[in-house]
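Asks: Just dropping this structure here.
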There are 2 protein chains.
Amino acid sequence: MSIWYTEKHTPHAGITLEIRRTLFSGKSEFQQLDIVETEEYGRMMLLDGLVMCTERDEFVYHDMIVHPALFVHPDPKQVLVIGGGDGGTIREVVRHPEVELATLCEIDGLVVEKSVEYLPSLACAIDGSHPKVKLHIDDGLAYIRENRDSFDVILVDSTDPIGPAVGLFEKDFYQLVHGALKEDGIMVAQSESPFYHAEIQKNMYQALREVFPIVEMYQAFIPTYPSGLWSFAFASKKYHPVRDFDRERAANRAFRTRYYNEDLHLGAFMLPTFAKENIEQQ
Amino acid sequence: MSIWYTEKHTPHAGITLEIRRTLFSGKSEFQQLDIVETEEYGRMMLLDGLVMCTERDEFVYHDMIVHPALFVHPDPKQVLVIGGGDGGTIREVVRHPEVELATLCEIDGLVVEKSVEYLPSLACAIDGSHPKVKLHIDDGLAYIRENRDSFDVILVDSTDPIGPAVGLFEKDFYQLVHGALKEDGIMVAQSESPFYHAEIQKNMYQALREVFPIVEMYQAFIPTYPSGLWSFAFASKKYHPVRDFDRERAANRAFRTRYYNEDLHLGAFMLPTFAKENIEQQ
């Protein structure tokens with residue numbers, strides 16, 4: 001018997017992956033969590049039935065949500081990750097020697113617990129063993145409301161703007177993030193697919209521009225995400241992601257990256273015409 | 001009743017698209033040809049059961065197989081397209097005012113005939129009406145063997161290296177292309193997915209480097225192709241795709257492009273680390 005998981009990215013199109021077995025299936029107070037083993041992509045985490053990450057292609061997402069901001073900020077000591085309970089983002093953050101403290105604020109403790117159990121290659125830095133990592137099982141909004149002027153970089157590693165993450169795509173949230181950042185702080189947030197989610201992008205970037213002086217979109221290719229083309233918002237108080245990029249520091253990084261590199265950093269901001277048009281200012 | 005087409009990109013992973021109806025289904029002497037109407041991607045052409053193009057995302061592939069070479073070559077007068085019977089590549093070629101003659105050499109007349117009938121938005125320049133377009137229903141290898149030192153740019157718009165296109169990924173073929181190009185000619189060929197086809201890429205780029213002094217890979221995102229990340233080989237006798245790029249001419253183009261632009265041209269050559277590693281020289 002062959003079992004296939006199909007995710008519809010629209011009512012009429014999707015991806016389909018062969019499943020070897022289910023490792024965990026359960027419901028937290030926030031969402032449905034499933035961890036399965038696929039034939040092609042290794043282990044895969046689903047929240048409310050949607051692919052969050054797979055072992056085979058997670059390196060793209062996690063390289064790209066972390067390294068651009070951390071190679072633009074000249075001294076990223078205090079980094080906060082909101083969401084990202086699988087641990088992949090924190091894993092990349094702590095590779096940067098400048099980081100003194102990496103805080104994970106994830107609303108759903110079950111995601112952290114089961115990632116540590118079933119996705120150790122992602123969760124290796126959130127299993128309690130890493131000296132630079134602090135873990136808060138808490139609502140991201142509440143946490144940043146209480147921690148003003150505290151972070152050099154905030155990474156919003158959220159699910160789609162439905163369910164528990166809906167508030168993370170609104171102007172009120174970006175104002176809280178702005179307040180929680182130091183005076184030269186940078187926020188990066190995943191910002192959906194330019195190919196499928198033009199309307200979400202339009203609203204999100206408009207809200208970001210009302211809060212931050214520098215807002216740019218960059219792209220990455222993630223095969224298991226809708227359309228394969230994904231994007232991130234770089235919102236910053238002072239540093240521009242291209243003009244203030246420390247190419248030398250990125251080129252001399254002491255860790256290996258399978259997606260990110262110092263040239264790709266620049267190329268990621270060179271967007272297809274249709275993607276630029278999604279977020280054009282009115 | 002809902003009907004879905006599923007293409008397996010590997011034995012264990014694929015995409016799935018809802019189908020409204022079949023417009024044409026038939027067999028030529030070379031391959032099976034199907035043209036269907038999808039709910040999400042408009043009309044779609046399949047050869048031997050694999051997606052060749054859809055109306056919704058073909059702009060990416062056709063922008064990217066054409067415009068980089070045509071904005072690098074300073075005076076692309078004579079352009080040959082091998083394969084590309086749907087007409088999308090020729091359509092983009094004739095947008096360049098420098099082009100005096102665009103020749104299409106497609107082995108399978110049925111593909112051209114049915115594209116003109118069912119995919120007019122792609123085939124608009126190969127329906128016999130365009131004064132700069134010449135059509136040859138012929139084997140690409142035979143054609144370039146007979147036409148030496150003739151072309152400024154040759155675009156190899158082939159299917160995957162199985163079936164009728166297998167010879168288009170081998171050194172003998174690249175030598176024929178080299179011979180059919182003028183002394184400053186450029187070849188671009190689709191070069192599969194860096195994510196799924198590392199081995200094909202390795203062999204292809206090695207063969208290309210034995211024939212051309214300048215060989216670079218560039219990328220584009222195509223949602224209906226395996227993994228969503230696609231690539232093209234830029235092989236050239238004289239002009240480098242980045243150093244000799246005429247950014248000014250590209251920025252001042254008189255036609256609209258939904259994917260390509262003068263910044264993206266440069267960004268497309270800034271590859272993910274894993275893609276660079278696929279084609280590293282030994």
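Placed from the backbone N, Cα and C atoms, the Cβ positions cover glycine too.
Note: TrEMBL annotation is automatic and uncurated.
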Asks: Looking at TrEMBL, which one out of B:E100, B:E106, B:E192, B:E199 binds S-methyl-5'-thioadenosine in the same site as B:Q31, B:D139, B:G140, B:P164?
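Replies: As annotated by TrEMBL, B:Q31, B:D139, B:G140, B:P164 share the S-methyl-5'-thioadenosine site with B:E106, chosen from B:E100, B:E106, B:E192, B:E199.
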Asks: B:H62, B:D157, B:S158, B:T159, B:D160 bind spermidine in TrEMBL, but which of B:D75, B:D86, B:D138, B:D184 does that record place at the same site?
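Replies: Answer per TrEMBL: B:D86.
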Asks: Can you count the other CB atoms that lie within 10 A of the CB of B:D86 (spermidine binding site)?
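Replies: Summing over all protein chains shown, B:D86 (spermidine binding site) has 28 other Cβ atoms within 10 Å.
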Asks: Determine, using Cα-Cα distances only, which of these binding-site residues is closest to B:G140 (S-methyl-5'-thioadenosine binding site): B:H62, B:S158, B:T159, B:D160.
Replies: B:S158
Asks: For each of the binding-site residues (B:G140, B:P164), count the other CB atoms lying within 10 A of its CB, then report the residue with the highest count.
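Replies: In terms of Cβ crowding, the pick is B:G140.
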Asks: Measuring Cα to Cα, how far is B:E106 (S-methyl-5'-thioadenosine binding site) from B:H62 (spermidine binding site) in Å?
Replies: 16
Asks: Binding-site residues B:Q31, B:D139, B:P164: which have a Cα within 10 Å of B:S158 (spermidine binding site)?
Replies: B:P164
Asks: Which secondary structure state does DSSP assign to B:G140 (S-methyl-5'-thioadenosine binding site), in the simple three-class scheme?
Replies: helix
